[in-house]
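One structure is given here, and the rest of the page talks about it.
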Amino acid sequence: MTIIPKHPSPTLFKPLALGKCQLQHRIVMSPTTRYRADEAAVPLPFVKEYYAQRASDPGALLITEATNICPNSVGEAHIPGIWSKTQCEAWREVVSQVHAKECYIFCQIYATGRSADPELLASRGFEQVSSSAVAAEPGCQPPRALDEEEIQKYISDYAQAARNAIEVGFDGVEIHGANGYLIDQFTQASCNQRTDEWGGDIPNRARFALQVTMAVINAIGPDRVGMKLSPWSQYSGMGIMGDLVPQFEYLILQLRQLGIAYLHLANSRWLDQMTTHPDPNHLTFVKVWGRSLPVILAGGYDATSAPEVIEMVYADYDNVAIGFGRYFTSTPDLPFRMKNGIALQKYDRSSFYTCLTKTGYLDYPYSPEYLCRSS
């Protein structure tokens, strides 16, 4: 269904200070994996055009697809990395294109842990690892639990990836602590069965996420760091523990005290039929985060629901931004359309993950109205 904005949202188009960035509106391009990197995890040459297309409205924030921090963090083929010189140079071109359009861009950095394809890892000489030897799904082979030295190495790899991102010009990094990847595997008791300082209770399960965050802060500064969490997501065996709410309340409170640039809360919808969550607009955790630092909300918002959430649910908050993922893929001029009441374009989900091709990636047009304005 094509979604047409009812009317421009005044709050959605208010400026927002986010770390070192002065956003001119509160529409954010959320991270979306699209498998457009080569076998060496280097973004393909046309990736820079994709991000440049979506840097269509000056002062916007774009967040890249999930980007691997080191070779052993890679969970799937054709996902980009940011550890090698060649990868970094490709990202430098992306950043340059986005900055030329007067927009901001953060690099989302992550490690997959037990969500990685074990055959891919084995072909590259690595093992599937996690916080504990707990399989993501029944019948799957359990990963190996990381030891202390390996945990510390991952923490330092996150910090180095952040340094690499800033060196090539990114405005900051978003630490991916969501969707059942490695940080989430430490945070949630459904996976983390450790009895040492990295597990066993709420503070210990939050320790890895916080140690990674502090290492990244020490590397690049708190005002260049965001964190993405998805407390309600049940992807990859997550979101089913009894103390989920107090676990994430504790983690979010600690992140707030670290003074990072923003918190990103996502209700991930990886299946077409997944449309509801216990707390679809994240109120439980936004109340903990508070009103002083920016929070990005994502999870299936469209041209109707985004203004409603920011104008009604969060009428008393002046720190909320809305993330769009799939609609930003299909609608490169999304902010312009939202502001001018122009329908967002339908997306073709079947082409989102077609590896290495421009189809479903670069072939969504701008609106005629946007092209007239630009000319």
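A Cβ is built for glycine as well, from the same backbone N, Cα and C atoms used for every other residue.
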Q) Which of these, Gly139, Gly259, Gly290, Gly300, does Swiss-Prot say binds FMN at the same site as Pro31, Thr32, Thr33, Ala66, Gln108, His176, Lys228, Gly325, Arg326? A) Gly300
Q. Fewest neighbouring Cβ atoms within 10 Å: which of the binding-site residues Thr33, Gln108, Asn179?
A. Thr33
Q) Roughly how many angstrom lie between the C-alpha atoms of Thr33 (FMN binding site) and His176 (substrate binding site)? A) 12
Q: Measuring CB to CB from Tyr181 (active site, proton donor), give everything in the same chain under 8 Å that is also at least six residues away in sequence.
A: Ala66, Gly75, Tyr110, Ala111, Thr112, Gly113, Ser115, Ser236
Q: Quick one: of the binding-site residues His176, Asn179, Tyr353, which has its CA closest to the CA of Pro31 (FMN binding site)?
A: His176
**Q.** substrate site span - longest C-alpha distance across His176, Asn179, Tyr353, in Å
**A.** 20
